[in-house]
Amino acid sequence: MSNATPLLPFVDPNQHVNMTVDIEAIMNKVSTVFLTIIILFGTTGNSVVIWVAGFRMKPNVTNVFLVNLAAADLIFCLTQISWLIKDIFFDHWPFGLFVCKFNGFVKYANMFCSVFLLAVISVDRALCVWCPVFTRKRRTVCAARMVSVGVWIMAGIFSLPYFVYRQVFPDKKNFSQCFFKVNETAEGNNSAKYVYYFIRFICGFLLPFLVIFICYTLAAIGIRRTRLSGKSRPLRILAVLVCAFFLCWAPYHFLRLVRFVNEDNEVVKLGWRMVSDLTYFNSCINPVLYLFMGLDVRQLCKQSLFGIFHRALTEEGQNRSQLSTKEESCNSFPKAAVVECVNRF
């Protein structure tokens, strides 16, 4: 009887490494294509939104907020040009420390500014429904501009750590790379990094979405109570903008939590690259949403780009609402104020 030991199949230890390298190379190419699309659509689309809503339309409260939202996205898309050049032509970060810091600052300033503006818009809508007399007197374009300035200041404050701690460091291949790094303590304590993330998660995602959810719920109850339709095109657009922001940023925050538990998992690394690219997509999707929601299929061949965006950002039945407002201006009945405010929104 033979005592030969059964042979085990030989596994090349380099096979896993080669497969990982191939996946990383594919993801780098996909990210480059994705970033190119974001820059092209984001800069063009947001510029058109700023031009139409900011310069070609009569100023109103909603358009002030939408112009600021588009401005934040446009600035972010412009800063990504340096990343695109780096990905195509260089293996290292060639633009120096300041551009590295500025890009990190703009990325999160865009996130904070976008979600804060969406929260402000939802509060504005709830106030229109529940406090119509107050909003008729205080809801002005000047007030909206002041609130927008406050939003930018808050977004800048929350994003400041990503300017301070963004650095250029050598990677494993000794190539200089730009990334966020908080210095660990001598004991290897990395708690400061976790603190910054949880501040970003709570203040830049969780709390604003709680505000948005509560305000839209209150507004829906108020509209139903007063038997107003509340279905103007801008209201639908704002609801879609909130959903788009959530879908683009929720996977990022979820996987960020997973990375704290198991950062070295290859699936987590692959997923992290994908959800990071998805957050960039939020900066170019809004103009596309305006485009589709302003498109009139019945007159598809007769519409200009300006006409489509103008239709998307203009209230339905605006002329009719203005006439009804004039007729009801002699009466200080609260429901009339609600009608006017909802139509103006």
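Glycine too: its Cβ is placed from the backbone N, Cα and C atoms.
Unlike curated entries, TrEMBL annotations are predicted automatically.
These figures come from a predicted structure and were not determined experimentally.
Annotation source TrEMBL lists transmembrane segment at 33-53 (among others).
According to TrEMBL, the feature domain 'G-protein coupled receptors family 1 profile' maps to 45-290.
Residues or ranges marked as transmembrane segment by TrEMBL: 65-85 (among others).
According to TrEMBL, the feature transmembrane segment maps to 105-123 (among others).
Per TrEMBL, the feature transmembrane segment maps to 143-165 (among others).
When Cβ-Cβ distances below 8 Å are used as the criterion, the transmembrane segment (197-223) is approached by residues 108, 111-112, 115-116, 118-119, 122-123, 125-126, 128-130, 158, 229-230, 239, 242, 246, 249-250, 253, 256, 260, 338, 342 of the same chain, each at least six residues removed from its ends. Residues annotated as transmembrane segment in TrEMBL: 197-223 (among others).
Through the fold, the transmembrane segment (235-254) approaches residues 62, 69, 111, 114-115, 118, 121-122, 125, 201, 205, 209, 212, 216, 275-276, 278-279, 281-282, 285-286, 289-290, 293, 312-313, 342, 345 of its own chain, all at least 6 residues removed from its boundaries and within a Cβ separation under 8 Å. Taken from TrEMBL, the feature transmembrane segment applies to 235-254 (among others).
Marked as transmembrane segment by TrEMBL: 274-293 (among others).
Against the transmembrane segment (274-293), the recorded stretches 65-85, 105-123, 143-165 differ in Cβ pairs under 8 Å, and the greatest number is found for 65-85. For the transmembrane segment (105-123), the partner stretch with the highest count of Cβ pairs under 8 angstroms, out of 33-53, 65-85, 143-165, is 143-165.
The average pLDDT computed over the domain 'G-protein coupled receptors family 1 profile' (45-290) stands at 86.
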